[in-house]
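Undergrad: Okay, so TrEMBL annotates it like this:
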DOMAIN    251-400  domain 'GAIN-B'
DOMAIN    460-577  domain 'PLAT'
TRANSMEM  414-433  transmembrane segment
TRANSMEM  623-641  transmembrane segment
TRANSMEM  669-690  transmembrane segment
TRANSMEM  724-750  transmembrane segment
TRANSMEM  762-793  transmembrane segment
TRANSMEM  852-871  transmembrane segment
TRANSMEM  1112-1130  transmembrane segment
């Protein structure tokens, strides 16, 4: 795999050099030689992967892993071949061809002006292509030049595919170029004809032959035949010879094809599958070839009959049941030749034109390709109307129903466990949701406060709706009272109390019908207070809405403050004035209201817990929608699991000279759209039916009544929502369960078809993505939507069941006649004076203690998670491995005593290289393993690497004559602006023609120690040293894999003066692995050279573990740690923002 990646990078580098016109100084012949060498290496690599896949076609885990590696290797190799051919296409002039040939792999590129209207014929290794006119393929000629890229392989490079054994011919590929880009071609009005050589040995062993004789019009030759594959075409060839009169013309014979029963004389008269041979000369299929192919034409055989696959319709069931088909041959009734003894040899050949679904299923598929009439035992004729598969639609993963339905679910239970777990959670949540829905029923409606006597005159009636905020502990256990003030007067203090239901809970909306003794006029403000009673008296009042019953006038009073002794300013009574239009349109109020509404009512999952009691969309209904959505998301996720990996990443784009990788590709966008099309419409319909269903009309049972007092209100139909019939909730429920069942069923089938390993990988991916989406992404999306809508739409949010609630046709405002005695319901005044101070001090102490206990619990949990995770990742052997590596690399001569370049070379040659190239055993025996440290356990994953950072030559500096005998030139301290990034040839005195820009785009795999390599190429990092901050780039020299190779490399570098007076830092880098301890070590040994000659050394050694035993536990701990960090970030960040925005801070 690494070889394939290296060749791909080399091909990509050559392609970029050619396309960017930076090859002027490079001979064209050298470019072709390098490209040919890359092509040769890719051919050998593809042969190896094909052979390896042929050996590993088992079902074991090791075999499957090998096939996956072959899959990725073949993909990378063909991408590299594509880059090589792109380079040749860029270099080729019009009307010219370029060919790359190996004994088993052949490639050809041809380039012509697009205006040519003639068919084109191309031949590559006995494979013939007849291509329509270029302007037809290109759908216009705006791009100028046009080209065709042809690849022919004598072997099957996609041997890892599940149905590769069905491929019995050479593999060919045809790609169209339009301008400088490859272009997809599909739905051609005229197909592309391909004549492909067959595998002679394979064809000989699979062709079915039968010989018979006919001597009269009643003789029938019956040929039984059992197809070996479904959906294939049959080519029937007849070889007719007269055994008694060789000079007579060949007779006309009639053929009939029947399924499951042998043909009779009568079946020749009434059968759709029949024909008469030979075909007349005028009706023979002819493939016309232009003057570009020797002025010849290809014509079908007169005694051949092609039965297309769609006509035969041979199914998989026919193959399993071994259904027999029969071919009947007899003299044709219209034949005027006297029947004579004739020998007929029948050859039946199954054929299918398939292409490799490289972008999707990695299977050989046949969509858009048909077998042509020129097919015979030596060549396959294919006619295709497309040259590429992907045309804007990404197909889902296929389900192998045979494997899924016959699989042992006990061996792969992941899918069943997943769907049953979701259903179990649904049942448990349903019990709690139904209980909460029953509780919500007591919170709905307008009530008259206990003890309050309504004024008989409805002109003095008001509906007061109180909104409690959604803050933590926003609800109160105290008795709330209010007084309403107007221009004409004020109401008496009203105790808002109802013993029949809980009032003023967190997020609740409570409506009261109250009246005043006198006309209040236009309302100005309200006075709210509570008696500070109960275990949790603090109350966060969001707003109050008061509607005059007769006139319908609505006034809003926005508070958004605490009435609590231990919150805000510590007040438990507040005056709230009527909101002005400017206050109603305030951005902060709009955003907070919209966010609260979206979280507690709009968001499907969050609203199961926070659903407003007045919403007709119950918690149980929301939970059913959640179940349907989760199952649909599971199905969409598994349908496209790993499908995006089958596509090449998007081509980078260049903006203002900077090359940028696109974060998402077109296939990924299509997968997102297709997944949304699966999940969204049906679930949106279910939610729509639930939300808009009218309540079911019910009458009060006999024997039950309540004494009521009518309140005449002026009802209006304005703003009333159009409701669906009540029975649509039943339809929505049936839809939800049907969607859930279908999605769960196919999810289980997919997991059984995938196999256990892939199914577990899918479930882990889905669970992680779903949890991440619910915890992190969805809250951000809801808040972002609230902010955007709040900024764009300066309009207060409206309630789904608008407040205040007016009675429906079967409802009346209730008032119990048996009123309580007045002293027990009188509005209590808030505590004052010493009592208030004592209560405030007590509440503050309680709050501090509670906060302290909570902080201690959170800190203890955080510390426990951090310690367990840290000690799980660390190993007690790391200390010993660290000491062992340091002793080996910092040994004799010691690294700490380096004083100049000469001592640095000595340390490398006598200290480092002998230590990392497996020194002798304790008994004197030599060690045959290379790159092994003295402990004979720790190995270097790759050869050691030296990376030098140096300053460039000062051009505008001259040495004074008095100092000429001391120094040869000027030297600069290291800085980012003085870094040398040039390219040199064998020594620092000979510069090449490469520019700095060329080096930044150079992706060569063999790094020269005289060429600067940027940090994004060699994956380097910034390093903070004693004399500067060094970038991750530099001049990199890789040492050899053996001791002798490393010594030769060091000798070459030393003799050519690789380290000189402009060297500012040298990094010796290595990656080590100890399989005994399962630990990795990353070593960076830095040597800094100052301009005054001082040398500073430092060793940075990091020991870590990648593979852990408790992977699941570690994953859970990391997720918990991330949640802790995000929580702390949000909390502390919010406090910091509030501090920064505080007026005192701004003034200071």
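The backbone N, Cα and C atoms fix where each Cβ goes, glycine too.
Note: TrEMBL annotation is automatic and uncurated.
How buried are the listed features, and what sits near them?
TA: Tertiary proximity for the transmembrane segment (414-433) is limited to same-chain residues at least six positions away from its ends with a CB under 8 Å from its CB atoms, namely 608, 618-620, 622-624, 626-627, 630-631, 634, 740, 744, 747-752, 756, 759-760, 762-763.
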Undergrad: So what's the mean pLDDT when you look at the domain 'GAIN-B' (251-400)?
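TA: Averaged over the domain 'GAIN-B' (251-400), per-residue pLDDT gives 77.
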Undergrad: So, do the transmembrane segment (724-750) and the transmembrane segment (852-871) meet, by the test of 3 or more Cβ pairs under 8 Å (sequence gap 6 or more)?
TA: no
Undergrad: When secondary structure is assigned with DSSP, how many helix, strand and coil residues does the domain 'PLAT' (460-577) contain?
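TA: Here the numbers are 1 helix, 59 strand, 58 coil.
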